[in-house]
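Features of the protein shown, as given by Swiss-Prot:
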type	residues	note
DOMAIN	1-242	domain 'tr-type G'
BINDING	10-17, 74-78, 128-131	GTP binding site
Amino acid sequence: MKIINIGVLAHVDAGKTTLTESLLYNSGAITELGSVDKGTTRTDNTLLERQRGITIQTGITSFQWENTKVNIIDTPGHMDFLAEVYRSLSVLDGAILLISAKDGVQAQTRILFHALRKMGIPTIFFINKIDQNGIDLSTVYQDIKEKLSAEIVIKQKVELYPNMCVTNFTESEQWDTVIEGNDDLLEKYMSGKSLEALELEQEESIRFHNCSLFPVYHGSAKNNIGIDNLIEVITNKFYSSTHRGQSELCGKVFKIEYSEKRQRLAYIRLYSGVLHLRDSVRISEKEKIKITEMYTSINGELCKIDKAYSGEIVILQNEFLKLNSVLGDTKLLPQRERIENPLPLLQTTVEPSKPQQREMLLDALLEISDSDPLLRYYVDSATHEIILSFLGKVQMEVTCALLQEKYHVEIEIKEPTVIYMERPLKKAEYTIHIEVPPNPFWASIGLSVSPLPLGSGMQYESSVSLGYLNQSFQNAVMEGIRYGCEQGLYGWNVTDCKICFKYGLYYSPVSTPADFRMLAPIVLEQVLKKAGTELLEPYLSFKIYAPQEYLSRAYTDAPKYCANIVDTQLKNNEVILSGEIPARCIQEYRSDLTFFTNGRSVCLTELKGYHVTTGEPVCQPRRPNSRIDKVRYMFNKIT
């Protein structure tokens, strides 16, 4: 049986969850349509998603049509959940990008399309909600051409009045874009020779799969218009990106989830081989795990299975698998462009409203952060406050609601602040010697640190001979330094510096790698005190797309948010502004843009780097480490 994995992507409220329900219903996977409004859909399966009416986590379901099984990934539709979208993109064979006939191409649509093209995922445009009043499809087509891609082919004829219907396009005009994109076909056409339907279809298929042509289909998911045709298109157009001829196993974890019974579930896309129950499988070419229980989606329901084939999505109950873990041979993973998940840029303090719920809160945060790598937390050693870091304010709001509604923990939360970094100011050296108080460890370590240009990252080298200090001790020093770099003098990550391990001494047989591992961060702190550090704040590069009439306002407002516009382009009555802005200002700038353009602007951002800040440094509390904090305290007293 052919297995394909498709993604359903769209801006908020474009109808992607409703479309998924219609695909399941029309294929016979379910006997009754679910409703977003009634909370009975198969993919928005958490209480929070049903209450808010938006998809927050990746939902997975499936249907079978003739000899093809289709796994549907119903991805989130809000900007703060793009990390979840990007993780799901890596396992797709193709995508359906929904566009509301009423709303046209929205900001989120453009962001999602940018990601799909970057990762090389064949994409179909599906214009949804064609049954709404006041629809002008020619305007929607023009919107797609100007904001997404001009390389589209309209595959259907739509009759809106008096009786709405969608039929396959038979006119020759549908092939114009296909012909114009191929020199041989264009020359043949211009010379008056006839073009066979087969060669046009083959050229369309080639360009569709290399992401240079995008078919356009139409319908109404809510009223079941155009859905049967879409099912035929899905099963015939998309290919499975699997190694059918390979017997070696290869799969990748793309989602971690906790069930209502607190079972830890790992979602895996298989790219090669067959996975059997009770198999022992190597993870990321390291340790092995035994497959004791395995599930997959069959006609919209999770079912236990004994084996799974290449192309399938399987769910394992496992405590050790992590996001992006690879089962089996890593060399068999598809070579796709990787879109890096953005770093958390904000943090805040969160505490339970009822002190007796503190342990419940910590347990809940452990589960949530395990599922979402953009959400991190730690407990301050001095104040015992719980510090939460995240990407955006909507992610923060959803996390708070999740804590209350799923874990039944009421919380109090402070206004979030930006996450900074530190860089040494000058070169410095420091050594802590063995058996010299207050050093309790059987180790001597000497380190030097020197600043590097912004954006260099942390570089480490050892000038201590392996012939003198063996690899296990050397590795322990490096691990201790990496741990120490997580907290500089002001409590932030240390970056853009070179750290050299210059001196080491051990006593045989009492010295152990643990002595070096625990002493290294203490030496690092002392050498940073000699060097001093400066604070760096995150800057984002941005690209703003807005109607041309808002150019003056966008320029006028930029200085208010410390934004620096470095390039301006005009295209199709649209202005494209490029520049950079402090991360602490982006939320307000983006909100302002949305407001004065009436939602017609797009602001794409990514981390550009860190700039030196001015003014009073912002401090962050240190995280606890009971094994070295007392020693740190003693050294700080004498230095």
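Every residue gets a Cβ built from N, Cα and C, even glycine.
Locations of recorded Swiss-Prot features on the structure.
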{"residue": "ALA10", "record": "GTP binding site", "DSSP class": "coil"}
{"residue": "LYS16", "record": "GTP binding site", "DSSP class": "helix"}
{"residue": "ILE130", "record": "GTP binding site", "DSSP class": "coil"}
Other CB atoms, at most 10 A from the CB of ASP13 (GTP binding site): 16
Densest Cβ neighbourhood among ALA10, ILE130 (binding-site residues), 10 Å radius: ALA10
For LYS16 (GTP binding site), the number of other Cβ atoms found within 10 Å of its own Cβ: 31
Integer mean pLDDT for the domain 'tr-type G' (1-242): 82
